[in-house]
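Here's what TrEMBL has on this protein:
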COMPBIAS  269-281  compositional bias 'Low complexity'
COMPBIAS  299-329  compositional bias 'Low complexity'
COMPBIAS  343-428  compositional bias 'Low complexity'
DOMAIN    626-715  domain 'Fibronectin type-III'
DOMAIN    716-805  domain 'Fibronectin type-III'
DOMAIN    900-992  domain 'Fibronectin type-III'
DOMAIN    1087-1179  domain 'Fibronectin type-III'
DOMAIN    1274-1366  domain 'Fibronectin type-III'
DOMAIN    1461-1553  domain 'Fibronectin type-III'
REGION    247-281  region 'Disordered'
REGION    296-436  region 'Disordered'
SIGNAL    1-18  signal peptide
């Protein structure tokens, strides 16, 4: 690299503001791969590792201009929440959670963490450790600092170097330790080494850039310990970094370097000096102890042998100067200061370098004046040694006045000095303190490395004798092995390291035990592939979702032994050679897959494991994809065969196999066909059998199949026979061969509709079908069914037809059957439809006298009727109807009927206006009478007259004139009739009069001049009229006009454009049909014409009317005046010669209508016009400086004026109200409509200002005189009203409003609005105290401002501080009334007196005094002052706190304590004898102090009260009475409280001590009994209680027994009578108490003889 490029390099990277983000533990930096964020080796020169903070705390990626982004959704698995870069708008903000490097999202506690080579976000903060790796700061350091930007100045982390504590006596020796900051591009298994220097030194390196403003001063300080074998945890060396531009060109030997951060091929201790000239000199060598002062120069040229330039020491503050070129005395160009002293030459010998991998950068060397420095051979920028520099010997030279330049090269070489003549270079001077000369004995080189899968071998070369080398782990400093001589090569050592993990990068430290020199070596063992590949031609949905599983291969393998970075899996088509590859990371699941493969193809698979840049031997396998299955499998079956067809699937195949299996799975057929065949026929099958057909595709030993089921059709029946009656049909058949499940008999009618569907067993061969329709053609189908398939045979048959039940014969018109026939000579025959089907009916008519017959046929689908015409009227005929269906005939149906009589002829009608005469000629044949029927035009029957058969005319009277009537003459005979009809109109009659009106005819003849027309009307005529003809004739000229009005229209008409005042003659003629009535006559005159030029002139109360008369004649004028509502105000009549008139006493501002009417011949004509009288304003203005909210809502009422006025006399359209400031003259106006309320207002006025008001009334286009007034505004309200309350006081403060005021009034109202206080204070007062208030009460305070008799107020509410109750009363008893259903023994009932004042609610808190656990409840202030807690621990002391709240204020808490009642016992058990009772129980939960056992008798009296310890669970109660019911109560006591459980038990009863039996009279017990046949038994009373005694007597011989019961309270005796004399009896007495019985008492006694 030349000097210019070197400085451009520095300029570029010194100008960036970015930084690197380092994982502190792994020393890896955030990088990007496309949009994904990954971890890579840190390198400040890589732009994809540069990050910047944005203002909103987002991490901006400099290269892509995107930001660091993650998806923190909990719906995504934590391992899948990988970091990436996206648009900064969607990126989240980040933050540092502490100073330890914990880093994550700003708005969600999720942390950035390393996951393999990726970065993810997780909720666990452990191992989230990140650091910022910055550029050079102003002090020349590279910094490792806190990742997040701090507030104020930046604090540098502890990674900066510190000054050496070495105290030089004269000079200071400087060694520059530069930490590598780039990522090597070489393979990861490249061997590299670190040379360690045991020397404390400092160096200052200024960088001055001539073409830039900024100057970098990289002061680097390093401190190293002398103990080289200590573990890394005790190293004290800290390194600072030079600028990134220099770090790319310089390699270092820092003791703190690690392979994770920099895999550079070599490390050196570097002494560095930079200048601003175009050429710099840098020489790398071993650390030496110097005695002279010398500068360090950066040498960009590394191709020539290294040179050393010695210059006199000069202050570091010397100004920079331009460089000049010195004479060349060696292959390397050097730059330095001129000097007169020349040092003697020195020589050194260097063995050649060995390298297996070319480094990326050239070494940088430094030399010291007057010293011999040995360096490696010259290397180009493309090569770099991988081993340390061999040792050299350095000899100090005396200081002279001449500058000496020494150049060293590969051994052997000689370095000579050349005088320098330039004086332009600025250098940094470093002095060295003279020390003793040091010689390294066992310096060594790493000349060869070799690695296997589990071992590594290192070959070392050393010039020393009897050296001893050992290998240690670099990270743990733990010993591994010793190095041995390599056979006869005494200068070579072999270090064998075994039992290593394959594919792992190992970091070793080679230690020379002779002199402590160290060399760091990193070597990777060869990786090992997996033992096998497992390939499954199955679904790869879990790897490649959505892929076709039949076209994929799933490959898996066991994990390789050792470390593997990734696996490369290659798949190759064995035929075409086409291949595909995929990479699986070593940390991922050991499996992958390929989809979209060609079915039926053999593929070769190869898996190669890679670790670093090493690969293992490939693992091979082969696998074939399954052939694709067929598609479109179709099966077409008959009863004995099946045809199978299909479509081949994609890919390759060898053949198809068609398999046929029965329902039980037995293979019936197995046929192999060629791969080109797509169908096959399977024959010789059983009818009605279910088969499974499978088509198998085979290829490469694999197969794929598709199956489908099909059934062969069953065989059909034979010999189908049908036998039918009219309503049933019997079906019989013979079954076909093969298997069948059943037969189905289907019956369909002629339309194909299914009538019956009957299923019968397969053994049935006949079936009867009933409830059929007669004469119907049915189709019978017998279906054979098996396995869901069927086969059928059909046959047709007709049921016997059935004729109709009757014939209906009518001797009337048959025009609808035989049009054109004589209706009077025919018979119409009809019948109900036959049940069932009929094809046709044959109808025969026979004359009963002559025997002549006639026939006709009616189709069964036609109407069931027919007729015969041309018959003899009045003749009896016989009828026969025969029904036929499908060539079958039913029994005939018979009937008889007579023909109707013949109609009349020559019907004549003769009419007047109210009469009509009817005449006719009789027809041939017989008849009984005639009937004459009269119907009006609507068809209603008006008259019905019967006349004898010899009458031929009849008169009909009382008819309506002009009416159309229908006359019908009916001939009747044999109950039959025939008729003839005819119409005629009666003569019409005209109206009685004509009414003529010489007025408007607009409604008759629109748009005509109403003043020149006549309107004619008339009453409707009696009877019917078709139309009226109206004729108008001028009586003078004889000119006439006519019009026609229809009889149904309104009886009126009119004529227009007539001459006003002319007399006209009118004639009206009515017409009905073709007849006209006598004319009606009348006469009438036209109306006069109206006036013109009507003029109106008004004042406020008067109006003058003037006009011009119209043409024609007029008798007078009338002047009418109406107001706006149309009411008539004035009606004045003037002569026809008058043309004006004055109207007075009117209302001002009122709109009037004036009408002038012209009258003549009793007719009139008028003209109207409107005018407004002059308006008059109101008498005054009323102004109130109050609220105008109702007029202008939302306005400030304290700054407005409300103006009102009385309504003006007369009418006003609107008022214009103007307000003017009397001082400034500024004015405002508003308009109020006359119909609105007579008021208005102005807002936003200045409080207390006098205003002038003017009101102008307007009516129409006229205005009245203005009305004037003045008024002042109300005072303004206060502001800043503040209320400060205690429990009984409230301080009110406020700020006065603008304007003037006289005083303030403070009003206090309670929650109900009642006034509590009313206080007046001066206008200068701004606060007031209100006392004697109620605590916790909501008050409304109103401050009223008063001025000029006006006021304005502001209100505010506040609550006085509440006061809690005086005490808490706690009862550990039942809280059923508060918490129903809770255990009362485990609750506390808390109550308290009501607080003084108001309380909204009480918050009651209960706390366990031992555990601190608490529970709370809220009681509203209006509720009962009590509450409770249930489910508490029995016997525990609780602390109680009650806080009263009113509004948002709380009172001081009220405290109390109480204990819960102890829990009751359980399992109470009582065990009783006759005089003792043992009580046992189980203690309840919680704490208790003692138990008390209480014993009460049946009357509730306390018998015993015993106290026992809390540990006792049983007690014995003695001295009890036998047979007695006792109540035992066990009471649990604790904290002065108790809980009890009770139970009852009866002690065992005791019988009497004896029985006394006397064979004597028992009259006193059983009166009337024979005493010689009885026994009297008595006994002493038993001790204790007895409910009753059961006494049993038993015959000792026969065993017969008798019993009696004696109550315990009765006399202790009983007896038995009617005993057998002389018989011995056994007696038994049993005493009972409760449900217990005593031992029986026995005795025997005999009856007397």
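Our numbering is plain: 1 for the first residue shown, then up by one each step along the chain.
Note: Cβ is positioned from N, Cα and C throughout, glycine not excepted.
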*For the domain 'Fibronectin type-III' (1274-1366), DSSP counts of helix, strand and coil?*
0 helix, 52 strand, 41 coil
*Residue counts in helix (H, G, I), strand (E, B) and coil for the domain 'Fibronectin type-III' (1087-1179), per DSSP?*
0 helix, 52 strand, 41 coil
*For the domain 'Fibronectin type-III' (1461-1553), the number of residues DSSP places in helix, strand and coil*: 0 helix, 52 strand, 41 coil
*Helix-strand-coil residue split for the domain 'Fibronectin type-III' (716-805), DSSP-based*: 0 helix, 52 strand, 38 coil
*Which residue counts does DSSP give the domain 'Fibronectin type-III' (900-992) for helix, strand and coil?*
0 helix, 52 strand, 41 coil
*Could you count the residues of the domain 'Fibronectin type-III' (626-715) that DSSP puts in helix, in strand and in coil?*
0 helix, 53 strand, 37 coil
_On average, what pLDDT score does this prediction assign to the domain 'Fibronectin type-III' (626-715)?_
90
